[in-house]
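S.K.: Sharing the feature lines straight out of Swiss-Prot:
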BINDING   176, 178, 212  Mn(2+) binding site
DOMAIN    1-241  domain 'Pyruvate carboxyltransferase'
REGION    366-437  region 'Regulatory domain'
């Protein structure tokens with residue numbers, strides 16, 4: 001499954017994929033090794049702490065491919081240094097430089113993450129970044145590890161690095177944002193505007209706690225707001241939806257319907273005003289073409305707020321002409337069903353149109369109510385209320401072998417007509433518990 005995800009990420013066109021933490025387990029080591037053998041068009045990266053055994057494991061796992069990256073991380077905030085690592089800042093710098101030199105024995109592509117950078121003293125951050133770049137780090141990652149930062153704060157940090165670190169031009173600035181306060185994507189976009197040129201994220205925003213930056217959201221923000229951001233990616237946008245759905249299934253993590261870009265409602269319209277506007281010109285209420293992420297077309301949700309235009313659109317999509325049905329009658333019945341079900345589907349409309357056409361003639365017999373209870377010994381008891389002309393007859397407690405026969409015995413007792421069941425078939429005209437029968 002990890003290989004399947006990696007192949008999909010390669011197909012979508014990610015530049016670098018971090019595929020595991022080899023020291024964590026033999027299974028993770030093997031999966032990193034397997035992915036490294038199979039991925040050809042994206043650079044493979046694996047994670048390591050500032051420990052020799054971690055770096056050795058990462059280098060050995062990826063040695064089966066030609067070009068790879070080792071991503072080292074170490075906390076730099078005072079809180080983490082004092083309470084977690086129990087060291088001083090000078091010792092942190094020494095550990096970081098030693099680990100970078102160790103990683104450079106395996107590859108010339110080393111990334112360093114200053115863990116909890118968003119809560120690190122800016123003077124200390126500038127100091128360690130300068131020394132890391134001098135030691136050979138090509139990518140400096142600024143993580144908002146606990147999702148604490150705001151866009152303005154992250155912008156301040158990155159601008160300070162560009163202004164105060166003299167060798168900053170020798171490295172790419174990256175950000176790794178978490179979504180604890182719901183600002184991961186906003187922070188990532190702000191970082192791009194401040195000069196960051198690598199964004200770390202995950203498809204669907206999957207990740208620790210509240211998740212990471214949703215990659216698909218950043219990608220489409222860059223595409224849609226290119227006039228503001230002025231950058232581009234190598235991503236194949238039309239693979240976004242397929243990749244999102246596949247990862248959702250593999251990870252058993254359903255995508256919320258209101259999720260930006262890939263949620264089932266992202267390109268759906270329920271309001272009649274919006275639906276009419278979209279049918280006239282989709283740009284009235286859509287800033288993205290759904291086809292740009294791999295979807296086929298716009299989706300109109302049929303609800304009690306939908307207008308006649310949406311109903312006529314769906315009937316047309318199913319091949320019906322305006323002359324095939326009465327829009328006023330159909331729309332009236334549609335609203336009744338929508339009030340009951342909440343959302344109506346195209347097959348419901350078809351059923352309503354069919355039922356309307358079949359019930360034009362006055363009915364002498366009309367079934368008002370029936371109830372069936374199955375009891376032991378395969379016996380069933382049926383209660384039936386039947387309208388005959390203007391008079392209502394009621395028959396109850398008719399027992400027979402099976403529920404269908406019990407109903408027909410009850411009907412026969414009321415009408416005294418011989419009822420012969422020639423064919424019995426139960427078909428749901430639609431889906432779900434509210435389907436029309």
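Glycine is no exception: its Cβ is also placed from the backbone N, Cα and C atoms.
Are these features on the surface or tucked inside, and what touches them?
M.R.: In three-state terms derived from DSSP, residue 178 (Mn(2+) binding site) belongs to an extended strand segment.
On the 0 to 100 pLDDT scale, the model's mean across the domain 'Pyruvate carboxyltransferase' (1-241) is 96.
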S.K.: Counting only residues 6+ away in sequence within the same chain, which have a CB under 8 Å from the CB of residue 178 (Mn(2+) binding site)?
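M.R.: 143, 144, 145, 146, 147, 184, 207, 208, 209, 210, 211, 212, 213 - these are the non-local Cβ neighbours of residue 178 (Mn(2+) binding site), listed in sequence order.
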S.K.: Excluding 176, 178, 212 themselves, which residues in that chain have a Cβ inside 8 Å of the centre of the Cβ atoms defining the Mn(2+) site?
M.R.: 143, 144, 145, 147, 177, 179, 184, 200, 201, 207, 208, 211, 213
